[in-house]
Amino acid sequence: MGSLCKVVDTLLLVAFLAAFLMVPLICAQTVLQETCFPEALIHLKQCYSDDFQDYLMAEKPHFFVALVWLELTFQWPLALLNIYGILASKSWFNTTCLIYGASVITSVSAVLGELIGSHKASEKLLQLYWVFMGAGVVAMLRGLVPQSSKTPIIGKRPAAGMGRKKRA
């Protein structure tokens, strides 16, 4: 079970790092003025929108704008905390992971409902949002599993001999 948790934590670390980068650099362009971003990031968002045919990024419906604000103000800080929690093996990681997962599942459910119901979404866009949903489910489930050890994934290892009793 411990090695499975390490694999799941590593996958979640990748997902949290992706969110840590994508939300402020790409998603924030939906709610903030373009003048706040360098031309390269604006071009990157446009390439994404064109490649995935993401009509929500282009049309900016009110519910989607609200969900992007949720990402920026709530989910992004949690992703940052979860990155630190995984790397430092913090005891509160399960709680923040559970909260993050529940929030992602809730917001992605609303987006998937729109994408599926509107029949406007490309297959590629639907697949991307199903990946987001899967990451949310994994994060939520990981939050329900107790931590198996205090050994961080990356970083310090326990010193040799620290567990031994001193002999007189």
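Note: Cβ is positioned from N, Cα and C throughout, glycine not excepted.
Listed by sequence, the residues of this chain that lie at least six past the ends of the signal peptide (1-28) yet keep a Cβ under 8 A from its Cβ atoms are 36-37, 41, 44-45, 48, 68, 71-72, 75-76, 79-80, 82-83, 86-87, 97, 135, 138-139, 142, 145, 147-149, 153. Here TrEMBL flags 1-28 as signal peptide.
As annotated by TrEMBL, domain 'EXPERA' applies to 8-140. Across the domain 'EXPERA' (8-140), the prediction's mean pLDDT works out to 96.
For 63-85 (among others), the entry in TrEMBL reads transmembrane segment.
The transmembrane segment annotation in TrEMBL covers 97-116 (among others). With a cut-off of 8 Å between Cβ atoms, the residues of this chain six or more beyond the transmembrane segment (97-116) that come close are 12, 56, 61, 63-64, 67, 70-71, 74-75, 78-79, 82, 85, 125-126, 129-130, 132-133, 135-144.
Annotation comment: TrEMBL describes 128-145 (among others) as transmembrane segment.
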